[in-house]
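Working notes for the structure below.
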Amino acid sequence: MNQADLTDQDPIFRLKGNMLAVTVLELARNDLARLDRQLADKVAKAPSFFNDTPVLLGLEQLTAADAELDLGALLDICRRHGLLALGARASRPGDIQAADELGLPLLPSASGRERPVAEPQTPEPAEEPVEEAAPAEPPLQPTLVITRPVRGGQQIYARGGDLVVLSTVSPGAELLADGNIHVYGPLRGRVLAGASGNAEARIFCQQLTAELLSIAGRYKVAEDLRRSPQWGKPVHVSLSGDVLNITRL
Amino acid sequence: MAQIIVVTSGKGGVGKTTSSAAIGTGLALRGHKTVIVDFDVGLRNLDLIMGCERRVVYDFINVIHNEATLSQALIKDKRLDNLYVLAASQTRDKEALNKEGVARVIEELKKDFEYIICDSPAGIETGAHLAMYFADIAIVVTNPEVSSVRDSDRILGLLASKSQRAEKGEEPIKEHLLLTRYNPERVARGEMLSVDDVEEILSIGLLGVIPESQAVLKASNQGVPVILDDQSDAGQAYSDAVDRLLGKEVKHRFLEVQKKGLLQRLFGGRE
């Protein structure tokens with residue numbers, strides 16, 4: 001790759017989209033005393049988990065029937081038990097206002113509603129929970145079609161779209177796509193579909209002999225894949241829940 | 001129009017220099033004015049294989065740094081009038097090579113020669129990169145074992161992405177596979193990858209299969225390119241490879257286990 005010229009014009013930062021799986025502390029009721037007790041129980045059972053673990057506060061289950069939430073006290077409880085609140089998701093206007101006042105970032109709620117408080121925020125979807133929130137719709141990119149062999153050490157990334165390889169993918173080569181990946185030659189390299197977190201992405205290949213398969217960060221390496229009866233066969237790979245499903249085509 | 005051929009592999013010790021010497025000599029034998037350039041600066045061997053080590057005065061690096069002219073540095077082969085060697089420097093290292101210098105020397109050689117064979121060093125660093133950068137044709141030398149095949153694959157990737165042709169978006173470098181140190185007995189015993197295995201993994205055209213042969217070591221030690229030993233299996237295999245490089249259709253030999261019969265010995269293997 002070319003060496004970057006470190007001139008004045010060169011940006012020293014990049015804004016990058018990123019998908020992180022994050023734990024959501026979802027509050028069913030506004031009962032902080034009980035939360036405190038129950039958290040203490042949890043900490044006793046799994047102390048290693050509560051070690052400055054980042055969490056997202058889910059306040060959407062609270063209804064108008066619940067009393068007004070003391071967000072400051074909730075944050076205190078979290079901090080005491082080793083949980084660091086990254087932000088909150090809330091639906092009640094009171095909670096939203098409280099979060100704003102405390103400077104706690106508000107994230108779009110799981111149902112996709114945007115936060116009604118207008119405040120400029122950097123487009124950093126890092127804290128967006130993978131399992132619930134629908135990722136922002138990426139603009140449709142044309143499919144990247146590769147007709148020559150992809151050799152070891154080469155990396156091909158179809159940003160924001162699908163990748164189709166009509167030739168061989170050698171061991172040590174890496175295919176990445178935000179969408180689906182299709183390989184019509186022998187597949188011996190690494191394949192990562194849904195590279196920025198799209199769990200709906202799939203992998204299709206004519207001959208499964210890959211070093212690694214991954215969809216939205218869930219992966220299987222050759223050591224596991226070789227034990228599959230589908231090894232060497234034309235297959236299609238999809239993600240259901242946390243499990244990579246390998247199905248014969 | 002001069003053709004620039006890089007003989008490369010990624011991995012060391014697979015037979016790049018032996019192949020460069022044999023193919024360069026083979027082209028000259030067929031009447032093409034040829035120069036073989038040693039890019040392995042600091043670990044020069046080509047002069048030994050070509051048997052001209054005692055006549056090296058100036059080298060490739062001297063020409064690049066304008067310390068000598070090309071005609072001073074070119075060493076004429078004793079056996080063939082139309083064959084020349086440009087030796088590498090033994091005292092410098094690969095950093096002494098630079099793209100502008102190499103480009104200038106190659107441009108100059110193109111005026112005079114039909115074929116310029118660039119004998120690449122092992123690795124994927126400066127020396128190997130510059131040896132392949134200006135190539136029109138690549139001969140990827142591979143041994144039938146997994147690490148060599150993997151390295152060749154890596155080199156093929158670099159040929160397709162880091163060469164001048166790739167950078168300018170021109171027609172890609174023509175890639176040929178030369179399988180060396182092939183031992184059909186060991187393939188039959190499952191100790192070595194077969195031609196088909198290697199061809200399948202690398203998916204490029206097969207230029208030739210050079211059998212593992214005592215003749216190669218003997219030729220290297222004597223400083224005579226093995227292709228000149230036309231009694232040897234390796235010499236004949238290189239000869240076939242050169243014919244194929246020039247566009248002739250020649251059937252591959254030495255791929256099967258040979259019965260050690262006297263008649264077959266006399267008639268030079270199968271067919």
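Glycine residues also receive a Cβ, built from the backbone N, Cα and C atoms like all the rest.
Any TrEMBL annotation is an automated prediction that lacks curation.
Feature annotation from TrEMBL assigns domain 'CobQ/CobB/MinD/ParA nucleotide binding' to B:5-226. If you look up TrEMBL, you'll see B:Lys11, B:Gly12, B:Gly13, B:Val14, B:Gly15, B:Lys16, B:Thr17, B:Thr18 marked as ATP binding site.
In three-state terms derived from DSSP, B:Thr17 (ATP binding site) belongs to a helical segment. For the binding-site residues shown (B:Lys11, B:Lys16), fewest C-beta neighbours within 10 angstroms: B:Lys11.
Same-chain residues with CB within 8 A of the center of the B:Lys11, B:Gly12, B:Gly13, B:Val14, B:Gly15, B:Lys16, B:Thr17, B:Thr18 CB atoms, the ATP site residues themselves not counted, are B:Ser9, B:Ser19, B:Ala122, B:Val141, B:Thr180. By a simple count of nearby Cβ atoms, those within 10 Å, the most crowded of the binding-site residues B:Gly12, B:Gly15 is B:Gly15. Taking a C-beta cut-off of under 8 angstroms and a sequence separation of 6 or more, B:Thr17 (ATP binding site) has the following same-chain neighbours: B:Asp38, B:Asp40, B:Asn45, B:Leu46, B:Ile49, B:Asp119. The Cβ of B:Gly13 has fewer other Cβ atoms within 10 Å than any other of the binding-site residues B:Gly13, B:Val14, B:Thr18.
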